[in-house]
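Asks: After the C-alpha cells below, expect a handful of questions from me.
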Amino acid sequence: MLAGPVNGRVFRQVGVTAQKTMRLLPASGRKATQKVVVGDQDGVVTCFGIKKGEAVPVFKTLPGQKISRLELGGALNTPQEKIFVATGSEVRGFTKRGKQFLSFETNLTESIKAMHISGADLFLCASYIYNHYCDCKDQHYYLSGDKINDVLCLPVDKVNCITPVLACQDRVLRVLQGSDLLYEVEVPGPPTVLALNNGNGGDSGEEIVYGTSDGKLGLIQITGSKPIPKWEIGNEKKRGGILCIDSFDILGDGVKELLVGRDDGALEIYNFESADDPSLRYDHALSESIASIQGGCVGKDGYDEILASTYSGWLTGLTTEPVHREGGSGEELKLSQEMQSKISSLRNELEHLQMKVLQEREKYQQSSQSSTAVSSVPTFSVNDKFTLNKDDASYSLILEVQTAIDNVLVQSDVPIDLLDVDKNSAVVSFSSCDSEPNSNFLLATYRCQANTMRLELKVRSIEGQYGTLQAYVTPRIQPKTCQVHQYQIKPLSLHQRTHSIDHDRPMNTLTLKGQFSFAEIHSWVAFCLPEVPEKTPAGESITFYFQNTFLGTQLESTYRKGEGCFKSDNISTISILKDVLSKEATKRKINLNISYDINEESVRHTLKLIHPKLEYQQLLAKKVHLIDALRELQVHEGNADFLLPEYRSILEEAEQLLEEYKRQPAHLERLYGMITDLFIDKFKFKGTNVKTKVPLLLEILDGCDQDGLIAFFEAAA
C-alpha cells in the first residue's frame, strides 16, 4: 500500500514520445512482471522487460516515420497482446515477439492523430476526420466541426453496439452512431484525453473519464439517448493540462484508482473513498510532461507500480516495493552487494559514454576544420503550447525541449506584459526596444538553470493590438543552434469560446454584407478570434459564442456567404471587429456594406462590469504604496499598536499584497485603457472625436466614482 513517497526508479530512455504511445503487455501469470512496449518519434517500437532491475530487450524495430499512437488489441474477451502503432497514415501490427503481421495503409490524406482498437474494429482520427474500419475495410466516416484530440469506443460486449466518442477542441464530446452524430456533450475545457472508467466503462460499460487541456477531470455516462454527468474536478491548484489517464488498483484495496499524468510533470493518484467523487490521494512531480501512464507489475514479481513515459522518452516507475526490507543482516548484506554491483556497473557505463563523447567531439572538430568540411546543424524537438487562461486572462507559453535549455529569447511586435510564473526559475533580463522603425515592443531573455527542459512563460495582451510573439529557443548542445517559434496575438485575443451567452444583455450589432464567400469570412473571423477552427465549418452558416476572460463581456458571431452579424455588449469589441474586418476585406479588394446598431444602455452595463475590478485594483495600489511608510512608523515606534485597524491589517497582509501587485503589473493601467477605449469608441460611432476630453476622464477615474463616471460618459456628447 502507498504510504508517503513511493520509491521511484528510471528503467531506460527511448526517443521523444507522443501522447498515449506506451503500454504494458498482459502478464503471463498472476503477479508476474509485464513487458513494456513504447513507440517514439524516431519511428522505433521498443519492447523490453525488467530482470534484476535491468532492462532486458524483447524486440526493437527499425526507425521510420514518427509514431503518434500505440494501442493494444486482439480478439474480444481474450488477452489484448497484439501491438498496433499509428505512423503517418499507416497502421502497423506486431506480435508480442516483434513479428509484423499487419501493414494497413489507410485512405487518410493527413497523419493519424488518435486511434482506438476494439476486436476487429479500428477507429482512426486525423485532425478533423474520423474513420471506422472493420477488418481493414472502410465502414463509417464523419467530419468534425473542430479538431479531434482523442477517440474511444464503448465496450461492445457490454453495450451491444458500436458507440464511438470523439474528444474535440471546441469543448465538446461528440457521440456517434455509424456516420451520424448522435449527440454532443459539453465539457468545461478542451478535452485532450479519454479513458474508459475502471478500464472497462464501469458496471454499465457507458462511463468515460475525460481530461482537459486546462487541467480539469470528469466522468460522464454515455447512454443511448443522452449524457449523464457523474462528477467533475476543477483545477484549483493551477496544474498542467491532462495528457493521459489509467485505472489501476495501486493501493491494493480492491478498488481501482485513477492515475493521471499532466503536461507540467505532475503524476496524481485519485481514489474513491466516498462512493461518488474521487479525492487526490498522492502526487509526485516529474521534470517533464507525462505522455503516457500505466499501472501494472514491471520491476519485480508481486510488487505493483505506476509506469510513466515522459516527453523526452524517459520511462520512470513508482513502485510499492519497500525501500528498506525487513530481515536479518544476511539479507541486508545481500542487498548491499547487489547495490554495490549495480553502482559499479553504472560507473563503468558512464566512463565508457564519457570517452565516446570525447572521441566524437574530437572527430567533429577535425572534420569541421578540414577543407572538405560540411556544416552539420543538430536537430532537436520542441514541444510548445500557447493557451489562454480563463482565470487571469493571460496566455501561457510552455516550451519543452528534449535536451536542457540554455536560453530563450522572447520578442514581440505588439505591446504585451510578461507576468511572473512561480514555477519558473530562469533569470530574465530585458533589452531596450525601439518600437518606431522596427515595431519591436518587447525583447527579453530567459537564462535557464542547468538541466531545465521545460520553461513556462505568461503574457497578457491588449485587445485591438495584434501581431506576432516569437520565441527563439537555444538548447545546451554543440554546435550552437536555435529554433524560432511564432505565436499569433489576435485582435480579440482575450476572448474564449463558450457554449452559450446571456441573450438578455444590451447588445450592439455590427452587420457586414458583400461579395465574399463563406470560406473568406470564416478566415477573417479566425484571424480576429482565438479558438476558431482553421477549417471552414460544414453547412451554409455558423454561430460561435465568446466571452472576454478579462471583463466578462460576450460576443455572438453568426455568418454565412455574403453576410456576417456580430453582437456584443461591449462597444469596443464591435469597434475592433469593424476596423479589422474592413482591413481584411480591403486587402482582398472586396467592397463591404457595413451597418451597425449601437445600444446606449450597453455602455452603462460595461462600466458596471469594469467598476468593481477598477475599485479593487485602485485600493490594492493604495495599500501597496502605504506599506513602506507604515513599516517606517512601526520601526520608529517599536510596534504598530497605535495604528488604526485598517493600517494594521495592511502591515499584517503586506507580503500577500506585494505578491499580488507583482503578479499583476499594469493591471490598473489596462483597466484605465479599456475605459478610455470605451469612451472613444462610443463617440466614434456617432462621428465625434472626443480624444481631447480623455485627460478629464482620467481625473474622474482617479476618483473611482461609478455614478460620476457614468454621468461623464452620458454628458460628454
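FYI, residue positions are counted from 1 along the chain as it appears here.
Using the three backbone atoms N, Cα and C, a Cβ is placed for every residue, glycine included.
According to TrEMBL:
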- 22-320: domain 'BBS7 beta-propeller' (DOMAIN)
- 336-363: coiled coil (COILED)
- 378-487: domain 'BBS7 GAE' (DOMAIN)
- 495-597: domain 'BBS7 platform' (DOMAIN)
- 600-713: domain 'BBS7 helical hairpin' (DOMAIN)
- 644-671: coiled coil (COILED)
Asks: On the 0 to 100 pLDDT scale, where does the domain 'BBS7 platform' (495-597) sit on average?
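Replies: Here the mean pLDDT over the domain 'BBS7 platform' (495-597) amounts to 92.
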Asks: Using a Cβ cut-off under 8 Å, which residues of the same chain at least 6 positions beyond either end of the coiled coil (336-363) come close to it?
Replies: 52-53, 478
Asks: How many of the residues that make up the domain 'BBS7 GAE' (378-487) does DSSP mark as helix, as strand and as coil?
Replies: 4 helix, 60 strand, 46 coil
